[in-house]
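> Here you go, one structure.
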């Protein structure tokens, strides 16, 4: 099949390039519309109880306030006459704004929860109809308003600030990564033309995936963070595949064959490797589709799209371009430069050293990876809030102020909703029992406010807690709403008898449900990745032990990566240097990091093992096959890993901490895999397996001979005909 693809690309090169250019022009125009169609949420399961509770509150009670305006007097307190007049005027002006509902303020209600403990700040809350309304309101009223200063926060503003930050981060990451990658490509290839070709493939992958996201964003929810993955993975994986293709093409030219034969044989060998590599990465990303959180699904959409487009570009478009260029692929060489050799003496020596002393070389690496994985045992899970933003972000300022000075803040309270109209005594009894639970400071309901099992006040006579066919209770707990104590409180409330069928929502309940959603589907996702990867590697190698070795090494290196990320982003190592607030790790981001890093690790596994298998199929012994394979692939794999890690590490400059985690985590995983795992553990593992490395039971050998593929040289008589 790949010989036929190579012939097609070689014989119709100009037509292929013309179609590719036209498609990219269309993809670029369509992709520019993607940004306005993407969302900044998607961290929760829409079918979870907490999500249903939120939807119920939205339908019956107008929703929870998405906009919080923090009002601070320039001098004095919030009760000073001049401040009260200015704040009241502000409230009246807000009431006249279209698209703003469910307004309340300290100066209207006198609620202690809406005033800071030091009387230096108070709140106005409202429910904007949409993000555009919220932006209009905040742009109009933030800043100085006479004797008061207004700062906007709340869920709506957090999402807006994250969107703005992601857009700025994307430009910064590209401005860092692209020049560095271009310089390193020139160093790797030693010629300007060859160095530009991987950027062409990466650019095609990015533009094509932007167009895909634009289409998907019109028909389903897609996370704005998929843009970051598209850029990083598109540049990185496109460059990886192009490196392999261009390097193989130059090898073929060096044998003396003509350009057409070089192109066809390149596709027949390297093209097959790229296709299998793309399949392994796509399978790992496809596991994200098993999760109902559209944040994770969005990365599957973007990741699979960018992998497939990069693969097609490297197997069809790039060979067509190489056919046109021919020996000019080496043009643009500096006077002092020379064409880099395709065989790396360094990696040949490294492989030989490891094969001579496998235990001495592998044990320190294994020990290092195991020690690095230890912090993972103490990992704590959370979901993102405004603390993922820089401390200067307006919504972060409001959130920090609420935590520090609003001890009675109920914006993060546990929300309980029930269908129907229980009688007043049943409502009061339930509120009383809720207020007696450990850690509960206050319960509000239509029957009044309750503290420590006693009624402590009267609730407002409005629709806050009672609707025609629904009831609502809010439970304010001490401490962080996402701490372990708050999560345990949710579990206790769900186990309590209630006067009607209830649903529990709020931050703590959302976290409980998110952990359950991820945990319940994790075995299926892990099983899918392991089984399909095993099958693909078996079809590629014909061995049952090679896939097991690859899976074991990948699991070890990924555990080490996740352990280091736990140490940095949860425990705060280097937090001052990187400029983030240490927090429990987002469950979704850890799952995403695992799937992407696993796929990229298998990418390099296929790159290396393909050349080892090629030497084995030519009759080389176990030791010689490993040395030959690593000497031919080690330089390309290490260069590809360095370039991809630059693309990923660039996102370590992000102002959103979980984007930093993604960039640094995947970048570290790539470097660990391409150096310690493929450079040391792989040859040590092959040495331990010996001739069993290519073993398979007789029935599976027959299966592989019928359906499997290998990277052995395509017969040159097929290439030339």
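For all residues, glycine too, the Cβ spot is worked out from N, Cα and C.
Just lifted these from TrEMBL, have a look:
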- 12-35: transmembrane segment (TRANSMEM)
- 180-210: transmembrane segment (TRANSMEM)
- 193-324: domain 'SSD' (DOMAIN)
- 222-244: transmembrane segment (TRANSMEM)
- 274-295: transmembrane segment (TRANSMEM)
- 301-325: transmembrane segment (TRANSMEM)
- 359-377: transmembrane segment (TRANSMEM)
- 524-544: transmembrane segment (TRANSMEM)
- 551-569: transmembrane segment (TRANSMEM)
- 589-612: transmembrane segment (TRANSMEM)
> Could you tell me the mean pLDDT over the domain 'SSD' (193-324), as a whole number?
91
> Same chain, outside the transmembrane segment (180-210) by at least 6, Cβ under 8 Å from its Cβ: which residues?
20, 23-24, 27-28, 30-32, 34, 227, 230-231, 234-239, 241-243, 246, 250, 302, 305-306, 309-310, 313-314, 317-318, 321-322, 325, 328-334, 337-340, 639, 642-643, 646-647
> Out of 222-244, 274-295, 524-544, 551-569, 589-612, which stretch touches the transmembrane segment (301-325) the most, going by CB pairs under 8 Å?
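Going through each listed stretch, the top one turns out to be 222-244.
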> Can you count helix, strand and coil residues in the domain 'SSD' (193-324) using DSSP?
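Helix (H, G, I), strand (E, B), coil: 119 helix, 1 strand, 12 coil.
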> For the transmembrane segment (222-244) and the transmembrane segment (589-612), does the number of C-beta pairs under 8 Å, pairs 6 or more apart in sequence, reach 3 or more?
yes
> What parts of the chain pack near the transmembrane segment (274-295), using Cβ distances under 8 Å and only residues at least 6 beyond its ends?
2, 39, 41-47, 220-223, 225, 237, 241, 244-245, 303-304, 307-308, 310-311, 314-315, 514, 517-518, 521, 524-526, 528-529, 532-533, 536-537, 539-540, 588, 591-592, 595-596, 598-600, 602-603, 605-607, 610, 709
> Can you tell me which of 12-35, 359-377, 524-544 gets the most C-beta pairs within less than 8 Å of the transmembrane segment (551-569)?
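Answer, by Cβ pair count: 359-377.
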